[in-house]
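S.K.: According to Swiss-Prot, the feature domain 'Peptidase M14' maps to 1-294, an assignment based on sequence analysis. If you look up Swiss-Prot, you'll see His58, Glu61, His184 marked as Zn(2+) binding site, on the strength of sequence analysis. Taken from Swiss-Prot, the feature disulfide bond covers Cys125-Cys148, and the record attributes it to similarity to another entry. Sequence annotations record features per position, and here Swiss-Prot assigns active site, proton donor/acceptor to Glu259 based on sequence analysis.
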Amino acid sequence: QYHTLPEIYSWLDRLVQEHPEHVEPVVGGKSYEGREIRGVKVSYKKGNPVVMVESNIHAREWITAATTTYLLNELLTSKNSTIREMAENYDWYIFPVTNPDGYVYTHTTDRMWRKTRSPNPDSLCAGTDPNRNWNFHWMEQGTSSRPCTETYGGKKAFSEVETRSFSDFLKTLKGQIKVYLAFHSYSQLLLFPYGHTCQHTYNHDDLQAIGDAAARSLAQRYGTDYTVGNIYDAIYPASGGSMDWAYDTLDIPIAYTYELRPRDGWNGFQLPANQIIPTGEETVDSVVTILKESRRLGYFNTSD
């Protein structure tokens, strides 16, 4: 089943109590309504490359928090040797809900809410799209300057306390984060930078190859078919997103955005709860491959 924000946060507390030597609580920022953006750090040894997992920045995309909590649970409890290896050779920062106000609002008021909940002066419409609010090619492509739209980018870059505080937290880990994974739904896509231009990144070919391998791994279990590509070409131009900012500003070489199940459908944000576990399983399969392939290509060599 899908869980509320208090349920997710109390589960994180429980993990800290149950695994005190490997799990520590982390606050990644705060929200307009004063909630914490809470996550955990999972670490089994010193000096590991860091994998940053950001999820549910769009409030209605509930499968993302469900999938990242599934991943977190696997890292701590799985007996599978491949997953143990992945858990213990990387440091994981996992933030299941990076838009807590919006997430709560989707449970109490409007299941289809996407944005933050901050008021917009001069408008009756509330909220900014937090994945169009980051200070990297802000307001250039696939975003709107009208507050009543779903993709409103905000009155300025980092106008939202959520994106501002979370980006400040990420900056404290600059140089340590080697992999950035952002989770969205839906469309079954695995996307990499950039969203503001069709120009390829310096490691475009690697990101395409790693992504293709990850999509093959993901498909093995249930035949779920993912398309891989840079945002601009694979989905649509969209600038001001967290992944592009993290990739560019923090020099994180391996950066992907997942668009989880389903592929399409009129109610794609309301994925039936009986698909949570399968989505989690196949997604973990693909994350294993992203890390394995990135390592094989030399991205985690400590000498750089």
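Glycine too: its Cβ is placed from the backbone N, Cα and C atoms.
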S.K.: Which residues in the same chain, at least 6 apart in sequence, have a Cβ under 8 Å from the Cβ of Glu61 (Zn(2+) binding site)?
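M.R.: Same-chain residues close to Glu61 (Zn(2+) binding site) (Cβ under 8 Å, separated by 6 or more) are Phe183, His184, Ser185, Tyr186, Leu260, Phe269.
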S.K.: Could you give the Cα-Cα distance between His58 (Zn(2+) binding site) and Cys148 (disulfide bond), in whole Å?
M.R.: 16
S.K.: Could you tell me the C-alpha distance between Cys148 (disulfide bond) and the residue listed as 'active site, proton donor/acceptor' in angstrom, no decimals?
M.R.: 24
S.K.: Using the alpha carbons only, what distance in Å do you get between the residue listed as 'active site, proton donor/acceptor' and Cys125 (disulfide bond) once rounded?
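M.R.: With the alpha carbons as reference points, the distance is 27 Å.
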S.K.: Could you tell me the mean pLDDT the prediction assigns to the domain 'Peptidase M14' (1-294)?
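M.R.: Summarising the domain 'Peptidase M14' (1-294) by its mean pLDDT gives 95.
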S.K.: What same-chain residues, at least 6 away in sequence, bring their CB to under 8 Å of the CB of Cys125 (disulfide bond)?
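M.R.: Pro147, Cys148, Tyr152 - these are the non-local Cβ neighbours of Cys125 (disulfide bond), listed in sequence order.
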S.K.: Starting from the Cβ of Glu259 (active site, proton donor/acceptor), draw a 10 Å sphere and report how many other Cβ atoms land inside it.
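M.R.: Excluding its own Cβ, Glu259 (active site, proton donor/acceptor) sees 22 Cβ atoms within 10 Å.
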